[in-house]
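Below: one structure, written as C-alpha cells.
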Amino acid sequence: MAPQDGLDTEPDPLFDSVELTGGDPIFERRELVTIDHLPTEDRIVGRDDQIKMIANEIGPAVSGAPPNSVMIYGKTGSGKSLVAKHVMKRSEQEAERRENDLAVAYANCSQAKGNADALQQLGQQINPSESSISFPERGISENEYFNRVWDVLDEFYDAAIFTLDEIDRLKNDDLLMILSRAGETGSVETPIGVIAISNKINYRDQMSERTKSSFGHNEYIFDPYDATQLREILDNRKDAFKDGKLGDAVIPRAAALGAKEHGDARKAMRLLRYAGDYAKNNGAEMVKEDHLLEVRASAEAERLRDLVSGLPSHTRHVLSGLAALTRQNNDQEWFRTTQIIDAYERVCEKEGTDSLTKDRIRQLLKELAFLEVTENRSNHGGKGTGSYKEHRLMWDAETVSRMHTRQ
Ligand SMILES: Nc1ncnc2c1ncn2[C@@H]1O[C@H](COP(=O)(O)OP(=O)(O)OP(=O)(O)O)[C@@H](O)[C@H]1O
C-alpha cells in the first residue's frame, strides 16, 4: 500500500515532533496546564477558606433566597477567577439538587467593549433555548439589555449569581451598581448576587458610595502565592506530562520563578507549559530545567500582554516609546511626560499611524500606572521650574519590546 511504502523513504524533519501514532511525545494531557482550564476541586490548592467564605456570601441563592454580593481583590494569578468559577459551578449543582433554578454567568470585563457588551454576554449565557427573548450583539440600548436580563430572570429563574471579572476595566461602576441593587430598586424579583473581581485594591476609591454600600463589608483580598504553594499547584497538574518526560527540577524551579516578585500561579503554569512546548519543538527527550530559562522571556511578555489587553492599541505605542527611551538612556529610569510623548510620536511615525493628542497620552499613562505597568511621581522642580510628572517602566524594557513586536 502506498502509505506503507512512504515509511521506507527518509522522514521529513519538519514533522519530527509528531509521533507515528499522531500522539504528543511530551504531554499526556496538555489542557491541564492551559490557563483557561478549570481544575477540579482536588487540584485546587490552598484556597479552601476563600472558597468557603465566598460560598457563605452567595450561598442562599442555591435555595432561591437573596444572596450577598462580594468583591474579591488580589494580584493577577492569585486564583480569584478560579475560586469564583468554582463556587458558581458548585452552586449550580447544589441548586439543581435542591430543585431550584439558579442562573449563573461570567463576564470578563477586560474583553468586553463596555457595559452593554458585558450585559449581552451575561444575558446570552442565562437565556434558555426555549426563551423567546434574544440578546443580539448590537442594535439595542444598554437599558434594553437590562430589561431583557430582568425578563429572563423573572421568567425562568429562582435566583442568579453573576461574576464580573476585571471590573476595573469598565469605564464606570454602573453595571455593578445596577446589578447589585436590582432587587432593592424593584427592577426584578429574582434575587441576584454579584461576585466582582479586581486586580486593583484601590478600585474601591473609584466606586460610588451606593455601590460600595451594596457590597457592605464583603470584601476579600487574595494574597499572592509563595513558592511552596505554587509548587503544590504545579505538582497537582504533573499528569499533564507523560511518565518520565518531566525532569525532577522543573516544577520547583518554575514555582521559584513564579514566586519571584509576583507569586502568580498563571505565570508559573505558563512557564511549565511553554517549557513542555519548547522541549517538544526542539526534539528533546524530556523537559529540563534549562528549558524554563529559554522560555522565561516569552512568558513574561505574555503576562504583560495580558495586563494591557483591552487597552487602546496606542497604549502599546506609548509603552514602546518609553521602553525605547529606557534602553537608550542606560542609567536613567524616570522620564518626563513630554519626553515620552516625543518618543511615542516617533513610534507612531514608524508604525505609519496618526498620533493621539497629548491629553489622551496623559490619560493612557494614567491607565498604565493604574495597572502597575508604569509608575509616576510628581517632581516639584527647583526655583523657576514648574512642577512636572515623571514616569518609569516597572517592567524590563526588553520584555516590553518583545510584547510590542509579538515575538
Ligand atoms: N489555588 C490554586 N490551585 C490550583 N490552580 C490555581 C490556583 N490558583 C490559580 N490557579 C491556576 O492559575 C491560573 C490563574 O488563576 P486565576 O485566573 O484564578 O487568577 P486570577 O487571580 O483570577 O488572575 P487574573 O486577575 O489575572 O485573572 C489558572 O489557570 C488557575 O487554574
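From the backbone N, Cα and C atoms, a Cβ is placed for every residue, glycine too.
The domain 'AAA+ ATPase' annotation in TrEMBL covers 66-244. Taken from TrEMBL, the feature ATP binding site covers Ser78, Gly79, Lys80, Ser81, Leu82, Tyr225, Arg237. Annotation comment: TrEMBL describes 322-404 as domain 'Cdc6 C-terminal'.
Taking a Cβ cut-off of under 6 Å from any atom of ligand 1, the binding-site residues Gly79, Lys80, Leu82, Tyr225, Arg237 reduce to Gly79, Lys80, Leu82.
Within the same chain, the residues at least 6 positions away from Leu82 (ATP binding site) whose Cβ sits under 8 Å from its Cβ are Leu38, Pro39, Ile44, Arg47, listed in sequence order. Of the listed binding-site residues, namely Lys80, Arg237, the sparsest Cβ surroundings within 10 Å are found at Arg237. Whole-number maximum of the Cα to Cα distances across the ATP-binding residues Ser78, Gly79, Lys80, Ser81, Leu82, Tyr225, Arg237: 19 angstrom. For Gly79 (ATP binding site), the same-chain residues lying six or more positions away in sequence with a CB closer than 8 A to its CB are Ile44, Arg47, Gln50, Phe222, Tyr225, Ala265. Mapped onto three states, the DSSP output places Tyr225 (ATP binding site) in coil.
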